[in-house]
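See structure below.
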Amino acid sequence: MGRTWEFLTATRGGARLHWTDWASYGYLFLGVFLMFFPVVWLVLSSFKTEADLQRYPPTFLPYQQQTITLDGHADPLPLFRITGGEHEGMILAQLRRVGLQAQMIDPANPEERLQVSIRDYERLERFSLATENYSDLFGRFNFLLYFWNSTFITVMATLIMLLTNSMAAFALSKYRFRGRTVVLLLVIGTLMIPQTVVLVPLFLIVSELGMFNSLWGVIIPGAATPTGVFLLRQYMLTIPDEILDAARMDKASEWKIYWRIILPLSAPAIAVLAILAIMWRWNDFLWPLIVLTQSENFTLQLALNSFQGELQTQWSSLLAMTVLTLLPIAMVFMFLQKYIATGIASTGGK
Amino acid sequence: MRWPGWPPTSRRRWPTRSKGVAETKGQGATAPAPPPEMTALRGAGDGFALRLISPVMRLVEIPMIALQRLLGINRLAWVFLAPNLLLFGLFAFLPVILNVAYATTGGANVMLADRPQIGMGNFERLLDCANHLDPNTCREDKFWRAVWNTLWFVTLQVGIMVGFSLLTAIVLNGKIRARGFFRSVFFFPVLLSPVVVALIWKWMLQRNGVLNAFLDWAGIGGYNWLVDAQWAFAWSVFLSVWAHMGFYTLILLAGLQAIPRDVYEAATMDRASPWRAFRRITLPLLAPTMLVVLVLALIKGVQTFDEVYAFTGGGPGTATTFIIQYIYEEGFAGSPRLFGLSAAASLLVAFVLVVLTLVQLWVNRKSVDG
């Protein structure tokens, strides 16, 4: 024990831990708790039955009341362990509860009715995952439809964005033409126009183009981002021009240079941008809220938000749906968090 | 495909700001010459993705070659720029102009031709107040409530968030084991969607939720947080800080790591106390990054909508209604749809954002020039 402790508290210099180190680790572990516990709690709760969710104080793990089906009773009867009184130690099934008294029967002897005070029993439970919360989503709610809408928007918007942004970045980094500075200033200018301040006219333009209440109305307006152009341009500037000249010598067309040389060489930057775009589109909320008003066009985020109004009491489905919405992003995070971190640090967010 | 020094593995090698053609050429000159096989481009870097897009790209190549013959190489740049510029024009610049048109007209029609001109009427209506500090005396009291809520929210949220981000970044910059792990822990909520964040905390904070269970157990006693105006506001600030803190921590950590080690070594030689080193070295050298972080946080804070809307719906009452929610509700959620009022309010917000963005660009330029 002592040696383990020594090993754990050893530092690289061989010195003992200073009190500031203790404070640092304390702070960090508090952070781990604060950041992860709510998510863990959400996932655990999503596996609880509606009855279990109503329980107060809540249990940490999902439990289900054990039941038994007896002849002569249509519904399964809940089982209780008797902790006091004359029937102490027995396991009885409850027929009904009247005030503080419960009418119970012994499963071994179903004919005899027993009276037990409710102070003298406790629920017989076992650990069990309520997976029906999840299967319900596919049956009763149109979860797959929302999932498809979200996926379609995310994939299409990301592809269009990567294509247009990389083309623009190529032109801005590899050509010397009149008006280049003006275009660069225009791109900087769009940085100052976030969607949130042009909602009304954007709504008019999108309706005029016939994209109101259509998934394309969400995809197209978000496709051109100044951030993407900047990120890719900065990377393409580092690609030596000699490669392009060599390709031109070999009679490669400009379009070929773009997609056979520049695109593959900027793959790292494109990957970063792709991850960012997927994240933005998947989590997008305000603009889809305005454009998509019919529930068959809802994205997952919209569906979640509208369900929390309708299903105020039905947390079980809502929690399961939240977990499924969170899952793709959590997966992306686990595998690609290094790239996301560098991408965000280099672009300064959106 | 790879040759030494390319692609640049460290972000530092990327030019932080474009310096136009000269830099491009300079970079080209210093970069190692490409190996001979690079001239035979066929098959180079043929990844799965490339093979996937190549039929489409080959098809596009036919008109592009024709255009190249027609325009010449340098003017072809406009063709490459065209799709992006079209999108920018249609969905960024045109809306700005139309926004002014909407703000100066009244009525509930979407079509601009059907809307009566009312000049500055919308702005007068928004700004008409006996006492601007008291929303009850204003004609559009909801607007002013939203403005004051947003101001309070931004002040609290940015202050608390940047403070905690700085603390976290400093802790992470120390001699810490598993730094990568802790960094990603703090970063994790940044990726969550606003609605998910809101639902997670709604579930934690509900009357029979886990926080109240803990408080009851500890003997403090639970509380119905979200029906109390002040607590709902406080928790909105908390939720926002929780969700976005990791992002700013990341930027500040990068700023801290850019401070050269030898400055600290010199301070240690001079027997400066750690506190003094922090105040006299870390803080001044981190100031440019801090400024960037502050302005970024302000820009985003003013635009707060998603998570708080999904969390409280703006309530109870108007306790957590912010300015973007006001714009959304006037223009899209209510009836009649007051597009003019909504556009006027968004122009006011746009003005604030433009000022903040200009500050940001100016700060960026200053910090890059050193």
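Glycine residues also receive a Cβ, built from the backbone N, Cα and C atoms like all the rest.
Computed from a predicted structure; not experimentally measured.
Marked as region 'Disordered' by TrEMBL: B:1-37.
Residues or ranges marked as transmembrane segment by TrEMBL: B:76-102 (among others).
Residues or ranges marked as domain 'ABC transmembrane type-1' by TrEMBL: B:147-360.
The transmembrane segment annotation in TrEMBL covers B:151-172 (among others). Sequence-distant neighbours of the transmembrane segment (B:151-172) (same chain, 6+ residues past either end, Cβ-Cβ under 8 Å): 179, 182-183, 186, 233, 236-237, 240-241, 244-245, 248-249, 252-253, 255-256, 278, 282, 290, 293-294, 297-298, 301-302, 304, 322.
For the transmembrane segment (B:184-204), same-chain residues at least 6 beyond its ends with a Cβ under 8 Å from one of its own Cβ atoms are 168, 172, 210-211, 226, 235, 238-239, 242-247, 249-250, 306-311. What TrEMBL lists as transmembrane segment is B:184-204 (among others).
Panel annotation: around the transmembrane segment (B:233-260), residues 149, 152-153, 156-157, 160-162, 164-166, 168-170, 172-173, 183, 186-190, 192, 194, 197-198, 201, 205, 225-226, 281-282, 285-286, 288-290, 292-293, 296-297, 300-301, 304, 307-308, 311-312, 319-320 of the same chain, lying at least six beyond its termini, place a Cβ under 8 Å from a Cβ of the stretch. Under the heading transmembrane segment, TrEMBL lists B:233-260 (among others).
Panel annotation: around the transmembrane segment (B:281-302), residues 150, 153-154, 157-158, 161-162, 165-166, 170, 240, 244, 248, 251-252, 254-256, 259, 263-264, 267, 323, 349, 352-353, 356-357, 359-360, 363-364, 366-367 of the same chain, lying at least six beyond its termini, place a Cβ under 8 Å from a Cβ of the stretch. For B:281-302 (among others), the entry in TrEMBL reads transmembrane segment.
What TrEMBL records for B:308-328 (among others) is transmembrane segment.
Marked as transmembrane segment by TrEMBL: B:340-363 (among others).
Remark: the transmembrane segment (B:308-328) contacts the transmembrane segment (B:340-363), by the rule of 3 or more CB pairs under 8 A.
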